[in-house]
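*Asks:* Handing you a structure now.
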Amino acid sequence: MEAQFWHDRWDKGEIAFHEGKPNRLLLKHFDALELVEDARIFLPLCGKAIDIHWLLDKGFRVVGIDLSAIAIDQLFDDLGFEPSVTEDGDLTRYTAPNIDIFVGDVFALTPDQLGPVDAIYDRAALVALPAAMRARYAAHLAEITGATRQLLLSFDYDQTLFDGPPFSVDEAEIERVHGARYRLHLLEKGRIPGGLKRHDAVDETAWLLTAKG
Ligand SMILES: C[S@@+](CC[C@H](N)C(=O)[O-])C[C@H]1O[C@@H](n2cnc3c(N)ncnc32)[C@H](O)[C@@H]1O
């Protein structure tokens, strides 16, 4: 998807992807990441996910990035934090205690800007990207994080049923984009309660990705 697609979504408030509560699979499988308290977790394409509130409440540090300044302004409003906002290369950085969020293109984010992270939480990020962008995204993610472990939530459905995003990113596709650097461990696969875009035959999947030695 082009950047303008996402800016339009945020401008018009067409953000059906935004969940009003912490993600069910995050709550269920977060412990698989085996993190110590105060670990720093990277959320690529983070939007204003309530998952960020949940991670902060659990005592973790969060770093994220999203194209949309609207999303990030709303995130900090919802959190009740007053961030300090600075220009950082091609990105804008919003900082408050335990949280750094960049506004801009994830592909412009450097390892120095990101800093060390202990894990990646990918919810609605890989599945938001069309197939042609996914391998580049996966390689960039590994480069800026040192291929740290990740909890990846995905969707698996017949792509002819409807267009993404969110796209269907099944096991073979995850293996194609992440398989050179990560081992895939399936934590859960099952129908989405209530379906997706009026279709019932849609599975959601939770994966733990661990770096290949
Ligand atoms: C489907 S939404 C998911 C948001 C969030 N992860 C959640 O669970 O609610 C995808 C988000 O990715 C952002 N995005 C898309 N392409 C991006 C890019 N190249 N760099 C940074 N953010 C991007 C969009 O603005 C949008 O907020």
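A Cβ is built for glycine as well, from the same backbone N, Cα and C atoms used for every other residue.
Note: TrEMBL annotation is automatic and uncurated.
These figures come from a predicted structure and were not determined experimentally.
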*Asks:* May I ask you to find which of R123, R134, R136, R149 TrEMBL records for the S-adenosyl-L-methionine site already listed with W10, L45?
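*Replies:* Among the candidates, TrEMBL records only R123 at this S-adenosyl-L-methionine site.
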*Asks:* Any same-chain residues 6+ apart from W10 (S-adenosyl-L-methionine binding site) with CB under 8 Å of its CB? Would you list them in sequence order, or say none?
*Replies:* S68, I70, A71
*Asks:* Taking the residues W10, L45, R123 listed for S-adenosyl-L-methionine, what is the greatest CA to CA distance in Å, to the nearest whole number?
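*Replies:* In whole numbers, the farthest two Cα atoms are 17 Å apart.
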*Asks:* Under a three-state reading of DSSP, tell me whether L45 (S-adenosyl-L-methionine binding site) is helix, strand or coil.
*Replies:* coil
